[in-house]
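Student: So TrEMBL lists these for the protein:
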- 243-323: domain 'Shikimate dehydrogenase substrate binding N-terminal' (DOMAIN)
- 486-515: domain 'SDH C-terminal' (DOMAIN)
Amino acid sequence: MGSLAVLKNTTTICAPLMSSSVEEMMSDMLKAKAQGADVVELRLDCLKTFDFRHDLRVLVDNKPLPVIIVYRPKSEGGEYEGDENTRLEVLRSAKELGADYIEIELKVAFDLMEEQKFSQRGSTKIIVSCFLDTTNSAKEDLSQLVAHIQSTGADIIKLVSNTSSITELTRIFHLLSHSQVPLIAYSTGERGLISQLLGPKFGGLFVYGSVDRYPVLGLPTLDSLRQAYGVEHIDADTKIFGLISKPVSHSKGPILHNPTFRYAGYNGVYVPMLVDDLNDFFTVYSSPDFAGYSVGIPYKEAVIGCCDEVHPLAQSIGAVNTIVRRSSDGKLIGYNTDCEASITAIEDSIKALGCINGEAFFPSPIAAKQFVVVGAGGAGRALAFGAKTRGARVIIFDIDFDRAKSLAQAVCGEARPFEDLANFQPEKGAILANATPIGMHPSTDRIPVAQGTLKDYRLVFDAVYTPRKTTLLRDAENAGALIVSGVEMFLRQAIGQFNLFTGSKAPEDFMRAIVMEKF
């Protein structure tokens, strides 16, 4: 068996290349290197035409960075459907040509590794892989599987699984952190994404990232691994933060929080967490390593029941968007940074125009104004309570009328049936705040109110921030209203979250610069 000291104790980023021709694969290797890959996985089974006696040498002799040769059969999730003996001959040839790594499947590993060509393989390192239908196996069973694979004589062990829940991933983290052999282990799909991103913390050998021309669901791009997540900076001491939401793929939190952590010299990483069951999630992820969370749709209200303590503002609002694990006792403390973020964004926009026009506002530019909130969920509650504290007259619309009535009662406001919104005529100079997902990518052409009424609002706020200027905001601006993007609310609530996550003052100018550039 070859040396186990295959790689340095640093994060290695691998790009799988599923090119359809040898020429494309050569070009894609250069692209992968330029985008930050340290090694590429050459999926030979994806090539439409492949003369291995010629093409394999071309690929290995002209590689711009180390390569893993993979020739995966259909039965193992690959594309190869030809003769098995021919497939194995390709892998033997790859070894003879000096490929850096060759990946073989567990089902053929014992026989291949007994061959002299593989047992005396020189500098080529052998990865033995196994694909599981699920990670829902006991930690002991997975450890036994690793030991079984190790007995093949593998230099590196690779386990890839499907997962039905983010809570199953703790078995992978346990496996990685306790492994005595070089190990690659992760789950696929959106629910498995954090097993990729957090692999460096728990000792995973490779992190896989896609080249921009080959997006893969649940696989981060090479650019995001380097620029957003900064995986090369993640180590055993890195604190984990994340967005708990469903869906979660729309979030731009990672491209704001992670660079800010690095800029501030804080050893933390922020990842998207697609959570199906809140109680199960917090029960399973109870380690101090998981230090804090943002909370998104649809959990801002329900998550209160998972907190050990709730800040009075969040308690009165009835919604939590930020959770911090207190280091002294591990208790989860819930906060709401949405409220001030949204209301100050609205106030500051009106004040800025007021200064130009010579207006004076006391105590608030929205005091006594009609404040129309569409949506009575977590964001809507934050907006309604913020407006109430400023003395506005709040009107609530929600598709769940009982929920609208409950919120209206809490803020001494008025509830209206959602179907009335199409014909609702606001007072001249009213404020409109959309706190629903209406207009969010990909359904970007919808607005929650009648377009003809937009001319009567002085200001229109949209909590949606993907896209940055929604159809609602564009139409409102065309109608002459001031507009405030959800990006501004997002930035301000994120500043509050950074302060809570780290215990330090956020670098606000730096964070604003990121938002202006990336959002």
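Just so you know, glycine gets a Cβ as well, placed from its N, Cα and C.
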Student: List, by number or range, the same-chain residues at least 6 past the domain 'SDH C-terminal' (486-515) whose CB is under 8 A from its CB atoms?
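Tutor: Beyond its ends, the domain 'SDH C-terminal' (486-515) has Cβ neighbours at 241, 252-253, 255-257, 259-261, 263-264, 266, 268, 291-292, 294, 321-322, 324, 335, 337-338, 340-342, 344-345, 461-465, 468, 470.
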Student: DSSP says what for the domain 'Shikimate dehydrogenase substrate binding N-terminal' (243-323): how many helix, strand, coil residues?
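Tutor: Breakdown, helix to coil: 30 helix, 20 strand, 31 coil.
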Student: Over the domain 'SDH C-terminal' (486-515), work out the mean pLDDT and round it to an integer.
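Tutor: PLDDT averaged over the stretch: 97.
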